[in-house]
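As written in Swiss-Prot, here are the features:
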BINDING   260, 265, 283, 344  Mn(2+) 2 binding site
BINDING   265, 342, 344  Mn(2+) 1 binding site
ACT_SITE  272  active site
ACT_SITE  346  active site
């Protein structure tokens, strides 16, 4: 856990001194440190290349201090995301040195500005320090690290502003890690009922209303599509509705965040392989994303109205489970031919979207889902595939993503693609064939948005990682939380 303070404390009083360093000459007022850096640079032990880390130990009057040099490369090439990644790497060095207090020598990067530089540094450290070890019997106690942020360029009158920037960065990191925790919980502990209970606790903490509908209430709402997916499990489905009204003068404007909430997905009778099932606790990554986003929005008291909806269930096999060849209904009244029970997420989402529009009066929709393997094939592990019916809405998302470093890419949605999901014996079929799988899955949901401005975010790539990143460990990443928050935040300015 990292705590952050802005103050004019002495840099010699901490266990470590963290110095961001560009390849070009970095101005460091302390002559002793400058001399040490010049020596190691002459010996070519450290150049300041991007991501390079070098440690020097020095003795002060009453302390032995580690000086961590963090290479940022060329200043002309630095970005907010590069800063985040570099500081995420620095966490490993701080951990290796067992530092409990760190002085971060802060200088604003002129091209990025004070706010963005500071925010990226804090997010890199806070997100990079995340770990999920609650099930390890020999887990080490979490070390609390205090980061003192200072520098000769921080003016006295800027301290309060810097503290506000840090507060926002810490909150976004916290709610991103909240989403990571939800995804990382094993499915034997995180099933629809326990997820609903957890969301109630989260709502109490962050300041939003939560209402949970049980299976009988869901049936009364005629959400047959959602219920069909969960029929094979003994863990009964739950519809989780979160409400935050920060702009009560404009109650007709309500942004709905709809997250896919498959707490486990075996594929049903269209069964996945064992390897394909191992990580399927992560199939509620969309739900985790919208829960994290509304938590941050509510805690910051943004002037916006947000509804978050999660249709939580498990897709398993039993004598009650739905089958390929079935025809099912939906809350919107449309019928669906089931060709593949592993194309289940879209079936839960369409009822959740219909609920958001008809019962919660949503004026705009963003659905977030770990929906298709095709998104991974087309865009890789780090990019969110996006379908929209309004390019201006996508433009908002794209601008927000530039701020957060979470990559998004708009997929085509030509009218011809919609023909691929038409059924001969029902209104629609739940899979469009082997081509354009990400697009047809998104357009299937688009059939239910009732002409509302809509974004579909397929986070199948970035939501769960099997390799460690610079500021994200293996497992749930919390993809989408910061970008959804940023989109909402920009509307309030």
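Keep in mind that glycine also has a Cβ here, set from the backbone N, Cα and C atoms.
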Can you give me the same-chain residues 6 or more apart in sequence from residue 344 (Mn(2+) 2 binding site) with a CB-CB distance under 8 Å? 229, 262, 265, 268, 315, 430
Which of the recorded positions 260, 272, 283 has its Cα nearest to the Cα of residue 342 (Mn(2+) 1 binding site)? 272
Between the Cα atoms of residue 283 (Mn(2+) 2 binding site) and residue 346 (active site), what distance do you get, rounded to the nearest Å? 12
Looking at the active-site residues 272, 346, which sits with the largest number of other Cβ atoms within 10 Å of its Cβ? 346
Distance, residue 346 (active site) to residue 260 (Mn(2+) 2 binding site) (CA atoms, angstrom): 8
Would you mind pulling the DSSP three-state label for residue 344 (Mn(2+) 2 binding site)? coil
Can you check what DSSP calls residue 260 (Mn(2+) 2 binding site), collapsed to helix, strand or coil? strand
With the Mn(2+) 1 site defined by 265, 342, 344, which remaining residues of that chain have Cβ atoms positioned within 8 Å of the Cβ centroid? 229, 262, 266, 267, 268, 270, 272, 283, 315, 341, 343, 345
Of the binding-site residues listed (283, 342), the greatest number of other CB atoms within 10 A surrounds the CB of 283
Relative to the Cβ position of residue 260 (Mn(2+) 2 binding site), how many further Cβ atoms are located within 10 Å? 33
